[in-house]
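What follows is one structure encoded as structure tokens, with my remarks underneath.
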Amino acid sequence: MKLIYWPSMSSNNSNETDNPSNEENDPWARARKVLEDKKAIAERAKAVITGEPLPPSIKEIADAADEKEGEGKKVNRQTVSYLSRRFEEVGLNPNKRHGQNFLVDLNLIQMIAKSADLGKNDVVLEIGTGMGSLTGMLAQKAAHVITVEIDGYLYQMASEELEAFDNIEMLKQDALKNKNQFDDRVIDAIKKALAADSSRVFKLAANLPYNVATPIIANLLRSEVIPATMSVTIQKELADRITAKPGSKDYGSLSVWVQSMADPELVRVMPPHVFWPRPKVDSAILKIVHRPEKAAAVPDIDFFYAFVRAMFFHRRKFMRSVAVAAFKGQLSKPQVDEVLAEAGLREDARTEQLSVEELQSLCELFRQKLVEVTGEQNPRLANQGN
């Protein structure tokens, strides 16, 4: 066992050869690194002189505060060895089809929860309960946690891990009805939890299964209940696409859609070794803050969503060709040319070169042209990208 020795503070016993600037040989310097608080260092030094019991360290104080905040409710520390043993006990392996990669770095789990900016009156949705490590942390901070797990075996194991909490609502189902829509039961659970108190705020915090991360983020931004913030773990590649700028290789329909509704921010890149099993790619914590004023600038959100997907369906083609295909059967080629000319765009322009604001303006011009041609006040795009 490695010990830290506290030198005598008596001037009679001082050693003039001690070099306080040498951290390797100076126990005081090592102590400062451990405690990271000048006041705590002074209190502990005083206790050494007087012979009084040592005051608690910063870590001990923080642990006590966390326990008090959670009223003693904790989830087992989910290390690789712990998860391996739990899965071995039930004769299972992580399901690749469901994108099961468990985050085993406690600091990063805490970072997800912290970036969600949770308050005591928040309603939190988690998709992919896993073994409940993040779930329990969210439940200590929020009023109500709705967590969705599609895997029946994981649902049962997580239920055992989380049985001490009374503010967690577990749903054993798929969060999505289809790739374009959330399941009604999930939305109803959120609405019910929000209705319990008019001051409640809805947020998403999750280590998202990689195979459903895109539809979850995209569809939540157009659902009946839009989270004020999303704090999620996703593939680094997907985070790059969401935060991409016009003209970059990652810029696409998802970039435009998310940035039209919210402000995305890359919080942290995570290497494969912080997960079990290890994925083959880097991951990232992404924070998305919904901006209602941005959404208000889009007259018809559903039309814009379909328009963006259609315009990026063939991202490398000239915009005129893409627009003609998107509005086939609704607008003639001359009518498409009229819209592009009104927008001040050349026929050889490409969608990937346009900014979010330019695409919003172009979308509204096409929508107005459809209203003019069809007489419909709420026209729909017939040929959407898939």
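Any Cβ shown, glycine's included, is placed from N, Cα and C.
A TrEMBL annotation is a machine prediction, not a hand-curated record.
Feature annotations, courtesy of TrEMBL:
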type     : residues                                       : note
BINDING  : ASN101, LEU103, GLY128, GLU149, ASP174, ASN207 : S-adenosyl-L-methionine binding site
COMPBIAS : 8-20                                           : compositional bias 'Polar residues'
DOMAIN   : 108-292                                        : domain 'Ribosomal RNA adenine methylase transferase N-terminal'
REGION   : 1-29                                           : region 'Disordered'
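Within the group of binding-site residues (ASN101, ASN207), the Cβ with the highest number of other Cβ atoms inside 10 Å belongs to ASN207. Per-residue confidence over the domain 'Ribosomal RNA adenine methylase transferase N-terminal' (108-292) averages 97 (mean pLDDT, predicted model). In this structure the residues listed as binding S-adenosyl-L-methionine are ASN101, LEU103, GLY128, GLU149, ASP174, ASN207; their two most distant Cα atoms lie 21 Å apart. Within the same chain, the residues at least 6 positions away from ASP174 (S-adenosyl-L-methionine binding site) whose Cβ sits under 8 Å from its Cβ are VAL148, ILE150, ASP183, listed in sequence order. Close to LEU103 (S-adenosyl-L-methionine binding site) in the fold, though at least 6 residues off in sequence, lie ILE109, ILE112, GLY130, SER133, LEU134, ASN207, THR233, MET270, VAL274, PHE275, each with a CB less than 8 Å from its CB. A coil conformation is recorded for ASP174 (S-adenosyl-L-methionine binding site) in the three-state DSSP classification, outside any helix or strand.
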